[in-house]
Amino acid sequence: MESNAIANPLQAIKYTRGNLQLLDQRLLPFQTVYLEVPDVKAAWTQIRDMVVRGAPAIGCTGALAMAVELNNHKDAGKAFSSVQEAVDFINTTLDYLVTSRPTAVNLADAAAKLKAATSAAAAAPAATPTSVCGAVIAAAEAFLEEDIAANKAMGATGAAALLSAARAAGRGVGGRLRVLTHCNTGSLATAGFGTALGVIRALHEQGALEHAFCTETRPYNQGARLTAFELAHDGLPATLICDSAAAALMAAGQVDAVVVGADRVVANGDTANKIGTKSLSISASHFGIPFFIAAPTTTLDPELPSGEHIVIEQRPQEEVTHFRGVRVAAEGVNVWNPSFDVAQAPLIAGIITEKGMIPKKEGAFQVRDFMSQLGLWQPPAPAPAPAQDPTSSTPSSSTAAATPAGFRALDCESVRHFVAARPGLQQRVGPADSVESWSVREVGDGNINFVFILEGPAGGLCVKQALPYVRCVGEDWPLTQDRMRIESEALAEEAACCPEHVPAVHLYDPAMALMAMRYLAPPYIILRRGLVAGRTYPQLAPHMGSFLAKTLFHTSLIRLDSSTFRSKVARFSNDAMCRLTEQVIFTEPLMAAKNNRWTSPQLDADVAALQSDPAARAALSGLKGLFCGRPQALLHGDLHTGSIMVTESETAVIDPEFAFYGPMAFDVGKILANLLLAYFAAEGHEATEGAGARQEQKAWLLSCIRDTWEGFSSLFLQLWGQLGGAGDLYPAALVAGEALEACQREFMGQLWHETVQFMGAFIIRRIVGIAHVADLESIADPDTRAACERRALRFGRRLLVEGSRGSAPLAAVADLTREAEVAK
C-alpha cells in the first residue's frame with residue numbers, strides 16, 4: 001500500500017524539565033496559544049476549564065504538573081525535611097489533581113502510578129526527600145513517550161481490526177474505508193498521534209482511508225473545532241457533519257466503520273465517551289456497521305463492573321442556553337447537559353488497545369482477564385473464612401480482610417468534603433460555593449454500615465460506607481469491606497432486571513469501601529418505620545412481587561446459559577457475609593450463644609424449650625444446608641422491611657450487601673417473615689393506642705403476604721413461559737407442553753414449602769438472636785412485648801418444622817394467614 005506519513009504533527013503538550021505548556025484548545029482553530037502551567041493549582045484549573053482535554057492528555061498533564069511542582073517549588077525535594085513529609089505532600093497533591101475531572105480514568109491512573117513510584121522510592125534503602133522526588137519526576141516524564149508509543153501501536157492494531165471487520169460486513173470502497181469518528185481523539189487529546197484518530201491516521205498512512213467523517217460534538221464543539229482542524233492540518237480527506245446527521249449518513253451508505261475514543265472502559269466493556277457516543281453505537285448496530293473503541297490500557301477500569309457505575313459529569317447549563325455570552329434559549333427552561341454517555345458492550349465490535357484487542361465473550365468484553373494476563377490488574381484476594389468456635393460471640397480478629405490502602409472512615413464533616421471534591425457527585429447536591437451550607441446527617445440504623453445523607457440546593461445524595469467490622473459490635477468483630485463491591489454490583493444486576501424498584505448508583509470507590517447513590521427523599525420512608533407507625537402501603541405487594549419475580553428469574557439457570565450462570569455465581573461469592581448469616585440465623589438462635597438476647601425473664605422458658613427442641617434443630621440444620629448448597633439465583637440476601645423504601649405509590653429496594661447466589665425461598669421468605677413480625681407486633685401497639693387501632697393494618701399485612709406471593713409466583717411463571725426455554729435448566733427442546741407444566745408445579749410447590757420454613761427461621765432469629773426488629777422492640781412494656789413475641793415465636797417454630805404441609809401454594813397462603821390469626 002502507498003504511504004502517507006504525516007509531517008509536523010500537532011502538540012497539545014510541550015514539556016522540558018521545570019517547564020510545562022498547554023495548547024489552549026478552547027481557542028482553536030482560530031488562535032494557537034500555549035499557556036504556562038507553573039504549578040499544580042494552575043494545572044487543576046486548566047484541566048477543569050478544558051484548556052487541555054482528552055483522557056490521555058489529561059493524565060499526562062496531571063503527571064507533568066506534579067513534576068513541575070516538585071522541581072520548581074520544592075527544589076526537587078530539598079524543601080522537605082523528611083521522606084514522610086515529601087510522601088504526604090505528593091499523595092495529597094495527587095488526590096487534589098484527580099478532583100479536576102472524575103469521568104476520565106487516566107488522570108486517576110496517572111496519580112496511582114505516581115503514588116506507587118513514591119512509595120517504592122520512599123521504601124528504598126537510604127531514601128531521601130530528593131531521591132523520592134527525583135523518582136516521581138522521572139516517572140511523570142515517562143508518561144509522554146509511553147503515550148505516543150502506545151498510540152502508534154494502537155493505530156496499527158486498530159487499522160487492521162477495522163479493515164477486517166469492514167470486509168467481513170461487505171463494506172469498503174476498493175479496500176479503502178469511510179470512517180466516522182466522534183469528539184477529538186488525536187494529537188490534541190493525547191501526547192501525540194491519537195487513539196481513535198490515530199487509527200484513522202494509520203489507515204491513511206497505509207493508503208486504506210477513503211474518507212473520514214467527524215461530528216461537531218458537544219461540549220465546546222470539539223469535533224468541529226479540533227478534530228476537523230487536525231484532519232485539515234494533516235491533509236486527510238474529511239467531512240464535518242452535525243451530530244444529529246450521523247444516522248442519516250449511515251443510512252445513505254457512506255460509513256463503513258465507526259471508531260471513537262474513551263474516557264473510561266469498565267470491566268464488561270461498557271464505555272463512557274463524549275455525549276452522543278451511545279447514539280452512534282445504536283445507529284451503527286441498526287445499520288450493521290462495525291463500531292469500535294480505541295483506548296489505551298490506562299483508560300481501562302476493571303474495578304467498575306458495568307456502565308451503570310460510571311460517574312457522568314454535568315456541564316454548566318449556559319453551554320446550551322447561551323451563544324457567545326448571549327442567551328438564545330427561553331428563560332425558565334430546565335437544562336440537562338451531561339458531558340458523557342455510555343455505549344453498552346453488546347453494541348461494540350471491538351476495543352482496541354496498544355496491547356491488542358480485548359477478547360469478547362457472550363456480549364461482554366473480558367477486561368479483567370485481559371488486564372490480568374498483562375500484569376496490569378490483580379483480582380482482590382478473597383476474604384479468609386472465619387475459623388472459630390461457633391459458641392463464641394464474635395469471629396476472631398485475625399480473620400479480618402485487609403483494609404484497602406487509602407481507606408479512612410468518614411464522618412458527617414469529612415463526607416461533605418469527599419463529595420465536594422468529586423464534581424460528578426457535588427453537582428447532585430449543590431454548586432461548589434454552597435458546600436458549607438449542605439445538610440449532612442448519618443442515618444444508618446442497620447447493624448453493619450454507616451449511611452450519610454447530604455442535601456443542598458441541587459438535591460440530595462446518599463453515601464454508604466463499609467467499615468472493616470460489624471458496626472453494632474465494633475472492632476472485635478471484623479468484617480470484609482468487599483461487601484461494598486458486592487452491594488454495588490448487586491444493585492446494578494437488580495437494576496438491569498427491575499429498574500423501576502432499584503435506585504441508581506452514581507459511584508463505587510473500592511479504596512474507600514464506599515458507594516454513592518440516589519437519595520430517596522421524603523416522602524420516601526423506610527418501610528419498617530412506616531409499619532411501626534401503623535401505616536399501610538397498597539402498592540407494596542404488587543411491587544415486591546414484581547421485584548422478586550424479575551430479579552430471581554432473570555438471574556437463574558432457568559433464564560441463563562450455564563456458563564454465564566457459573567460466572568455470576570463466582571462473581572457474587574460473598575463468603576464472609578454468608579458465614580455471618582449462617583452464624584446468626586442458622587446456628588446461634590437454637591443454641592447457647594453469647595450473641596443471643598430476648599425479653600427476659602418473660603421468655604426464658606419459651607426460649608429454653610425451643611433450643612432443646614430436636615425437630616426445630618433438625619429443620620434449621622436442613623435450611624442451613626439449603627442456604628449453603630443451592631445457588632438458584634442472585635439473592636438480595638437481606639430483604640427485610642428495613643431494606644425497602646416506600647411512598648404511597650412507589651417502592652425501592654436498597655442495601656443488598658448480603659447478595660449471593662442461593663435458594664430463591666430465602667429472599668421470598670425473609671420479606672414475608674418481616675411482614676408477619678409487623679403483624680404480631682401490631683397487637684402490642686394496640687395496647688397503648690387503644691383496642692382495634694391496628695385492625696386495618698393487621699388485615700392489610702395478612703393480605704399483603706398473600707398478594708406478594710401470588711404476584712411473585714404469577715409473574716415468575718409468566719416470565720418462565722416467555723423466556724425460560726432459552727435457559728439451560730429447562731430448555732424448550734427438552735421441556736415443553738405437559739412436561740413443562742409438571743416441572744413448574746413441582747418447582748413452585750417446593751419453593752413455597754421452603755419459603756414457609758425460611759419464614760419460621762427468620763421469625764425465631766429476630767426474637768432470640770443478636771439483631772431484633774423495631775416493630776417489637778418499640779413496644780415499651782416488656783410484658784406486652786413478650787406476649788407478642790411468644791405468639792410469634794410459637795408460630796415461627798410451626799412454620800420452621802412443618803413448612804407448607806403439602807398444601808398447594810395459594811391455599812397454603814390462606815391457611816397461613818388464618819393460623820396467624822389464631823396463633824394469639
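Cβ coordinates come from backbone N, Cα and C, glycine included.
TrEMBL labels come from automatic prediction, so no person has curated them.
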Query: According to TrEMBL, which listed range is region 'Disordered': 300-325, 378-403?
result: 378-403
Field: Length of the line joining the Cα atoms of C183 (site 'Transition state stabilizer') and D263 (active site, proton donor), in Å
entry: 11
Message: What's the number of neighbouring CB atoms sitting within 10 A of the CB on D263 (active site, proton donor)?
response: 30
Message: Please give me the CB contact count at 10 A for C183 (site 'Transition state stabilizer'), counting all chains in the structure.
response: 29
Query: What is the pLDDT of the domain 'Aminoglycoside phosphotransferase' (440-674) when averaged and given as a whole number?
result: 93
